[in-house]
Amino acid sequence: MLRTIKSPIKVIVRPASASASANAEKLDEIRERLAKGPSFQDFIQNPNNTKNEWDNYDGKLRREKVEEQRLRLPPWLKTTIPMGKNYAKIKDQLRELKLSTVCEEARCPNIGECWGGGEHGTQTATIMLMGDTCTRGCRFCSVKTARAPPPLDENEPVNTAKAVASWGLDYIVLTSVDRDDLSDGGSKHIAQTVKEIKARNQNIFVECLVPDFRGDLECVKTIANCGLDVYAHNIETVEKLTPFVRDRRAHYRQTLKVLSEAKRFNPNLITKSSIMLGLGETDAEVEQTMLDLREVGVECLTLGQYMQPTKKHLKVIEYVTPEKFKHWEERGNQLGFLYTASGPLVRSSYKAGEFFITSILANRKKQNDAPK
């Protein structure tokens with residue numbers, strides 16, 4: 001339960017010693033900083049917010065590299081508190097089956113909408129396979145890291161399939177942590193999960209957001225040919241920033257190679273990637289990244305605002321405006337992406353795109369099933 005303290009905090013200063021006086025001054029300083037900083041309400045969506053209020057927002061949107069102060073959250077990034085029957089139902093089932101989701105581990109701002117159903121009334125959860133601990137330490141990600149995570153749960157593929165079947169979904173997203181400690185990077189485990197899901201429902205569309213498997217093309221082939229419909233692998237940021245944003249084992253060109261080879265192994269796949277904005281990239285660099293993705297055949301692209309998950313992670317350099325995100329959506333369409341989802345709260349697994357991708361896949365299935 002959240003409790004609001006209406007009366008100001010009273011500080012009693014006893015003139016006992018110099019240290020007591022110093023402590024009082026320190027406390028006053030903290031109170032002043034709290035008064036000027038964001039409150040809990042700053043992170044909750046205001047239903048009365050309108051586009052005009054966004055246009056009139058005069059807060060600072062870009063931080064210089066020498067500045068230590070974090071930027072204040074602009075109104076278009078405020079979201080609602082997750083709640084509702086659907087949200088509680090999915091959360092309880094995940095706990096019961098000991099499954100992890102990237103929705104929780106990565107602190108996704110859309111968790112309330114996706115799990116609760118949102119305006120479309122469709123529940124969507126992105127299940128994170130192979131545990132909640134990653135062998136890599138990307139500087140933007142809040143997922144736990146370790147050199148040797150716990151061993152894989154051999155029951156996870158079946159448990160995941162059971163959960164998906166009970167939800168009655170048309171589209172499911174599977175993602176995973178990186179498991180560089182495993183010889184195959186966990187590719188066979190992911191592939192088995194897809195097969196278990198498809199065995200229970202052949203009509204469900206499965207998207208896998210997978211690691212780069214250290215560039216091992218046999219692992220990429222295993223995933224590409226396991227029966228999934230959408231092969232997703234995120235490029236995350238522009239080439240120049242990659243060494244500073246992603247783990248040192250992740251490489252820009254390696255990501256492009258993985259996406260290219262996945263398409264070569266299975267031309268019927270839809271390939272998908274994602275770019276975070278607000279890390280200090282230039283427009284020219286974003287444009288080049290989009291061109292690079294199109295060159296290797298990527299068909300679906302998402303662009304969203306990077307948001308610092310904790311104080312230990314990279315600070316936001318810039319809050320990109322909704323208008324700028326709209327520009328990138330239009331540019332993506334011009335470059336030939338089948339689908340471009342671009343917005344401040346858009347994430348690689350955001351369900352908004354799944355409705356469109358489902359339509360593409362359904363049409364392809366009809367064409368393939370039609371008598372020749």
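Yeah, the Cβs are placed from backbone N, Cα and C, and that goes for glycine too.
Per Swiss-Prot, the feature [4Fe-4S] cluster 1 binding site maps to CYS103, CYS108, CYS114, SER349; the stated evidence is sequence analysis. As annotated by Swiss-Prot, [4Fe-4S] cluster 2 binding site applies to CYS134, CYS138, CYS141. According to Swiss-Prot, the domain 'Radical SAM core' annotation covers 119-338.
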Legend entry - For the domain 'Radical SAM core' (119-338), the mean pLDDT of the predicted model: 92
Inset, instruction - Compute the mean position of the Cβ atoms of CYS134, CYS138, CYS141, which form the recorded [4Fe-4S] cluster 2 site, and then list in sequence order the other residues of that chain whose Cβ is within 8 Å of it. - result: ARG136, GLY137, PHE140, SER142, VAL143, THR145, VAL177, ASP178, ASP247
Inset, instruction - Tally every other Cβ atom lying within 10 Å of the Cβ atom of CYS134 ([4Fe-4S] cluster 2 binding site). - result: 23
Legend entry - Residues satisfying Cβ distance under 8 Å from CYS138 ([4Fe-4S] cluster 2 binding site), sequence separation of at least 6: GLU236, VAL245, ARG246, ASP247, ALA250
